[in-house]
Ligand code: SAH
């Protein structure tokens with residue numbers, strides 16, 4: 001028995017064992033005891049994770065895949081969560097403990113997976129995942145790059161982002177239309193920002209809503225004082241600001257109240 005790939009669930013099953021092993025080996029396994037795999041499908045990655053000293057949990061929305069896992073990975077049985085990752089309260093399982101995230105993600109929700117990870121950053125020291133190559137590169141990109149954006153700034157504020165390797169379409173069944181890329185995020189030692197964090201998220205998101213405009217224009221809704229708006233930082237466009245400068249900008253806005 002195998003699982004029939006369902007398009008609406010973003011199912012592209014990896015059929016290259018050495019790539020699966022390489023992804024599983026990308027986690028350092030340091031500083032936590034649990035790993036959560038998102039979207040295990042038929043378990044190609046899972047079987048390598050199960051060999052590790054950490055405890056592997058999986059979350060899978062597709063009941064047919066869950067049935068397959070239950071039949072083929074007997075020692076995983078009580079750590080299979082049949083839920084939508086985006087909607088499930090992970091603390092029902094992890095209860096405040098730290099865990100790493102790993103997966104060959106369904107590409108239609110990969111950005112949302114990353115946003116949920118950022119929200120739960122206090123519990124997620126490490127994250128390794130396969131994205132569309134273009135999205136993986138965007139997450140790792142630096143200021144000045146055309147693809148630098150919300151995902152890059154918010155991720156790199158809390159994590160060091162490293163692009164690991166590219167995976168071609170022909171190792172999947174069915175093959176996707178584009179290349180994939182594996183990305184490793186390692187939480188920074190000090191991941192508390194020296195500014196109001198929710199304001200930081202708002203500044204970054206609002207700034208990039210109109211990426212061609214200067215910040216003076218795009219941040220109009222913040223009702224900033226003329227005095228503050230005279231600061232040269234507002235002459236810049238969002239893609240020119242490093243993470244550090246976004247923090248400085250947030251601090252300036254905070255003080256402007
Ligand atoms: N890891 C497997 C499958 C990757 S395909 C492999 O590499 O072969 C993506 C997987 O994510 C599918 O099994 C799909 O059912 C699952 N998935 C899709 N949306 C999901 C969601 N919201 N929550 C959990 N799993 C999901």
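Quick reminder: no glycine exception, Cβ is built from N, Cα and C everywhere.
Annotations in TrEMBL come from automatic prediction, not curation.
The S-adenosyl-L-methionine site in TrEMBL is built from 12, 14, 39, 60, 104 plus one of 84, 160, 196, 226, namely 84. Residues 12, 14, 39, 60, 84, 104, recorded as contacting S-adenosyl-L-methionine, have a largest CA-CA distance of 21 Å. Of all the Cβ atoms in the protein chains shown, 11 others lie within 10 Å of the Cβ of residue 84 (S-adenosyl-L-methionine binding site).
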